[in-house]
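Participant: The following feature annotations were taken from TrEMBL:
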type	residues	note
TRANSMEM	B:6-27	transmembrane segment
TRANSMEM	B:39-58	transmembrane segment
TRANSMEM	B:64-85	transmembrane segment
TRANSMEM	B:92-109	transmembrane segment
TRANSMEM	B:144-161	transmembrane segment
TRANSMEM	B:182-210	transmembrane segment
TRANSMEM	B:266-286	transmembrane segment
């Protein structure tokens with residue numbers, strides 16, 4: 001943290017430039033990180049942050065520019081050599097192998113040979129000491145997003161890095177988990193480890209980081225001390241214009257009940273899935289209903305029960321505008337006005353190898369009337385895709401590019417836009433703004449609020465409590481497959497939600513007792 | 001005891017029928033585990049078969065012949081690798097083309113050798129042990145390639161599940177993008193896996209022309225390459241089950257031959273169908289268990305890898 005002239009930076013970049021066909025992703029970027037410094041890298045989606053960190057980690061090679069490591073000029077041709085000199089990275093799109101166990105995944109991310117049994121012990125030790133619980137023998141595809149991220153973090157920590165690059169590490173953590181991770185990061189910083197921290201959560205950056213470098217459109221904009229800025233001023237530096245908080249009108253829940261879930265119990269069919277246990281809630285027209293919870297507590301199962309990917313044995317378990325839909329599959333539910341945005345945007349929310357037009361067609365063909373006596377109406381499909389791209393500011397070279405070519409935040413905007421434009425009566429969204437920059441997040445929030453005001457009922461499943469508090473009218477917490485009693489926003493504090501997330505089951509009686517206190 | 005002696009030749013023929021399948025399927029399993037689908041197994045087997053046969057005619061050395069067959073298979077696979085891994089051609093189309101090419105090329109190479117006899121690969125006789133009644137000839141009286149096939153099953157299992165290199169290979173097949181971002185050379189690893197698959201297919205083919213029916217005939221693999229491909233799915237990509245599947249298929253093939261010979265009152269065409277029918281039924285049954293496939297099937301199979309950002 002000592003920024004005096006004499007000290008040698010752990011990492012210094014000078015004039016890093018990287019061009020892709022048609023766009024200059026990094027344009028002569030300078031960056032300096034001192035030993036033990038927590039340095040934030042700020043910028044909108046597409047500002048060039050990911051490209052820059054990939055260059056540091058050796059995944060990409062810069063066209064121009066120099067890298068200095070502890071004062072010496074180095075080249076980092078591949079990730080192996082990055083790890084060798086002491087650079088670790090936690091990826092935003094996880095670099096995990098779904099069909100393999102936690103231990104195997106970690107072994108793959110470490111250079112050199114290692115003994116699996118010893119590695120298993122090390123994993124348990126590190127994950128305990130840093131508060132990142134992991135079961136070494138679980139298969140990755142059975143884990144939630146939050147758990148997958150822990151694997152990435154533990155994988156880095158096992159290699160005693162001198163520089164840790166973290167690409168949006170807290171986006172899937174609960175406040176308690178995030179606080180715990182900040183402790184971890186501060187501890188590492190005290191131990192002399194430099195941290196390059198990418199996040200969209202500006203409060204977090206203010207609380208944690210010593211320095212911040214701001215990028216916009218691939219260019220270096222400025223370096224500042226985030227503790228001396230406000231979240232608003234940081235955000236405005238990032239996007240280069242003024243920012244508006246979502247307008248929220250207090251809405252009495254007077255509308256009719258649109259979505260009703262009663263006594264929904266489903267036994268998980270996946271090996272490590274979570275059983276849903278007697279879930280009850282209702283969402284009224286005009287209401288945004290938030291579901292908080294730690295990853296892997298039944299969110300995935302609840303979403304697939306609501307979307308119809310898992311059907312219920314009891315048709316009356318889920319009611320949409322008075323109609324029992326428990327036994328219907330996803331398409332009939334869509335026809336009745338239900339829309340959903342799953343947690344995993346690449347592979348579940350979209351088909352990665354298909355074009356944006358095709359992805360738009362797949363979910364919208366029925367409600368947007370894109371079929372022409374059984375054939376795809378290419379004209380109106382393209383118009384629909386263009387409307388999504390235009391209205392939701394999806395940055396893409398064109399609608400005939402594949403979903404996988406979009407950055408995470410842009411794809412999220414596309415998927416949310418695709419569902420919202422279908423004018424659903426009820427929409428269920430998991431992590432609506434995960435990995436989306438501040439400007440786009442505000443826009444998505446405003447869209448959801450507008451949709452609710454137009455009469456839709458909205459269910460938001462998220463781990464980001466700030467987000468839930470910003471847009472929901474009522475909040476419930478899911479823990480171990482049970483849903484707590486829903487509370488109005490003004491009746492519950494972040495701390496109480498944190499306690500509920502920990503798995504203290506709240507039955508109706510307990511809720512009363514808690515209220516009485 | 002003597003009442004069961006007629007079973008000995010049955011078992012012996014089952015083993016010879018199963019061994020080429022074990023080789024070809026095991027090699028292709030490694031290829032597929034790395035995320036590449038090579039449908040050219042049949043073609044690689046044929047080229048291996050004819051190369052081995054010609055080498056024996058020319059040198060009389062079976063060791064060299066098996067080596068030549070492996071080399072020929074590997075060269076075919078390398079060709080496939082250039083097209084699909086470096087030039088990023090579609091794997092399914094390229095694989096089919098490789099089979100057609102292999103059928104033609106092997107016929108051309110073997111034109112002058114059709115019908116020429118060679119001595120079958122000698123059976124090993126382990127003094128004393130091979131003379132044990134019943135199990136002696138079955139367990140201890142096989143040719144070297146049969147033992148080699150068993151050794152290879154163990155070696156491939158050990159490699160895939162107990163070594164770091166095997167872990168990396170499986171990782172490349174599970175998610176080439178993740179493997180690339182961690183820093184593994186996806187294309188190079190796939191080249192090696194594909195060429196191993198080709199070499200094994202070549203040996204499988206050579207077993208046909210050197211031991212099963214020691215001669216060369218056009219198209220002598222008769223669809224075994226396709227059966228090997230199906231066996232891998234049947235075995236849910238596990239080497240041990242490939243062995244079981246190959247022997248089951250070989251067993252039914254031989255049993256139906258014996259049934260035909262015994263004059264069973266069923267049309268011979270129906271009996272000839274049996275091995276294929278059984279394979280299909282087992283495939284369907286196995287495919288029902290989704291989590292099993294999820295755990296072992298390489299997720300990236302057949303996908304082209306673009307080493308982009």
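Yeah, the Cβs are placed from backbone N, Cα and C, and that goes for glycine too.
Where the annotation comes from TrEMBL, it is an automatic prediction and has not been curated.
Are these features on the surface or tucked inside, and what are their neighbours?
Facilitator: Sequence-distant neighbours of the transmembrane segment (B:64-85) (same chain, 6+ residues past either end, Cβ-Cβ under 8 Å): 27, 31, 36, 38, 40, 43-45, 47-56, 91, 94-95, 98, 101-102, 145, 187, 190-191, 194-203, 205-206, 210, 304-305.
Long-range contacts of the transmembrane segment (B:144-161) within its own chain (CB-CB distance under 8 A, at least 6 residues past either end) are made by residues 15-16, 19, 22-23, 26, 29-30, 33, 66, 121, 124, 169-170, 200, 203, 207, 210-211, 239-240, 242-243.
Beyond the transmembrane segment (B:182-210), the same-chain residues lying 6 or more positions past its ends with a Cβ under 8 Å from any Cβ of the stretch are 16, 19-24, 26-31, 33-36, 38, 41, 44-53, 56, 62, 65-66, 69-78, 80-81, 85-86, 118, 120-121, 145, 152, 168-169, 171-172, 176, 216, 220-221, 224-225, 228, 305, 307.
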Participant: Residues of the same chain, at least six outside the transmembrane segment (B:266-286), with any C-beta under 8 angstroms of its C-beta?
Facilitator: 227, 230-231, 233-234, 236, 245, 248-249, 252-253, 255-256, 259-260, 292-293
Participant: Checking distant contacts: for the transmembrane segment (B:92-109), what same-chain residues at least six beyond its ends satisfy Cβ-Cβ under 8 A?
Facilitator: 37-47, 49-51, 54, 76, 79-80, 83-84, 218-219, 225, 302
